[in-house]
Amino acid sequence: MKFIVKPHPEIFCKSDSVRKRFIKILDSNIRIMVKRVSESVAVYNRRYHIEVTANDDSDRDQILAILMQTPGIHHTLEVKQTEFKDLHDIFEQTLELVGEQLEGKTFCVRAKRRGQHDFTSIELERYVGGGLNQAVESASVKLKNPDITVRIEVDYDHLHQVLHRHKGLGGFPLGTQEDVLSLISGGFDSGVSSYLHIKRGSKVHYCFFNLGGPAHEIGVKQVSHFLWKKYGSSAKVKFISIDFEPVVAEILEKVDNGQMGVVLKRMFMRAAGQVAERYGIQALVTGEALGQVSSQTLTNLRMIDNVTDSLILRPLINWDKEDIIDIARNIGTEEFAKTMPEFCGVISKNPTIKAVKAKLEKEEANFDFAILDRVIEEARVMDIRDIEKQSQEQAPEIELVDQIGDGAIVLDIRSPDEEDESPLVIDGVEVKHLPFYKLATQFGDLDQDKEYLLYCDRGVMSRLQALYLTENGYGNIKVYRP
């Protein structure tokens with residue numbers, strides 16, 4: 001079993017020294033990954049292509065999957081390798097392989113050649129094509145858009161008959177570009193933007209701002225590990241988790257409602273910029289798209305960028321959401337994104353679409369930046385390879401109910417603005433209001449002999465907070481979903 005790996009054409013536009021370096025890195029990346037399949041797999045750097053051979057056909061699917069998902073590969077040829085004597089021998093071997101497939105079909109022959117021979121590539125195509133046309137009476141030659149393209153390559157004294165041509169990922173080999181730090185939330189946008197930078201050759205490290213407890217973190221770890229394992233597992237990268245709940249609580253307490261979204265994004269960038277600087281990472285990557293939400297207007301993005309010296313890359317800036325979802329579906333992150341939470345508490349009621357620097361700075365003057373410094377200092381950093389080892393750690397299940405039992409108290413955890421706008425009133429049931437950002441410090445003050453049903457508009461924040469409280473030893477928690 002043999003595969004011929006063709007590097008992405010852009011690599012050959014580079015100078016000789018850069019091309020050699022890129023192909024050497026690609027060779028190393030392939031070698032690292034296929035050796036996990038079997039130590040018997042051999043990888044050879046042939047200057048303009050890479051050959052991968054294996055003795056055990058049972059490894060084919062795994063090896064092929066790796067090659068199709070490795071950045072820097074344009075396509076992979078799955079070939080049958082033999083020796084040949086002359087042009088007629090090549091024709092006879094080709095006829096034996098494809099003769100039956102050509103019956104009743106149109107076809108053409110495409111040949112490539114390396115080495116010194118007494119025939120040219122065009123002569124090879126004509127000889128083999130003419131012979132096949134005579135040998136298979138029901139077949140006919142068609143040079144444009146044929147039913148079957150017969151591909152053969154002559155490499156010095158070897159004949160490679162192409163069994164299949166598999167499209168690659170394209171882009172540049174992983175590690176040929178500088179590292180980036182992706183601000184990952186687990187949704188459609190951040191997953192796709194991370195993938196695009198992996199494809200372009202950057203080692204992507206992941207920074208997660210945790211707004212919703214362990215369940216959200218588990219989900220984001222899973223999608224980050226999936227992206228790394230499928231497309232970038234030749235690289236060692238970091239997963240950094242920052243508990244941002246104290247920051248959100250401070251924003252909700254101190255910042256004007258209309259400015260909250262932009263201020264929160266500015267806090268993200270301040271924190272991510274410091275993390276990137278700590279690890280020598282040159283740029284931040286976000287999944288923001290122009291105009292998708294209120295904080296993503298040009299004015300607001302400029303205000304967000306101003307708080308860090310790090311370069312901020314937004315590969316999806318002009319993409320439509322539908323196109324982003326299509327890519328997520330193709331790369332395998334759609335299912336993760338569909339189940340990832342959106343938070344109902346950290347949303348301004350009347351968000352500004354044209355933030356003013358002076359007003360932002362005035363609001364941020366009320367913010368205690370010691371809180372931001374503390375959560376950055378306490379950031380948890382792990383090797384992304386260790387996530388798989390933790391896969392057995394599952395968040396506890398939380399019961400969802402639509403009926404309220406006797407004596408149970410409904411705990412409305414929405415923000416004060418949401419609660420004021422749409423008060424929750426249930427006949428015959430006691431409803432208490434305790435904003436989600438105060439649960440960690442004030443839930444213990446409630447009567448623990450009672451059962452509490454957590455409520456929010458979308459049911460996401462309530463479930464995540466219920467998971468958090470359950471993991472902290474409270475067993476009197478359910479989620480109310482009428």
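From the backbone N, Cα and C atoms, a Cβ is placed for every residue, glycine too.
Within K142, K144, K254, K265, the residue that Swiss-Prot lists together with L183, I184, G287, Q296 for binding ATP is K265. Broken down by DSSP into helix, strand and coil, the domain 'THUMP' (61-165) contains 38 helix, 38 strand, 29 coil. For the domain 'Rhodanese' (404-482), residue counts in helix, strand and coil come to 28 helix, 16 strand, 35 coil, using DSSP. In sequence order, S190, G191, S194, Y206, C207, F208, V220, V223, S224 are the residues of the chain that are 6 or more apart from I184 (ATP binding site) and have a CB within less than 8 Å of its CB. Packing around K265 (ATP binding site) is summarised by its Cβ count: 22 other Cβ atoms lie within 10 angstroms of its Cβ, all protein chains included. The secondary structure of K265 (ATP binding site), as reduced to three states from DSSP, is helical. Ranked by how many other Cβ atoms sit within 10 Å of their Cβ, the recorded positions L183, C456 place L183 at the bottom.
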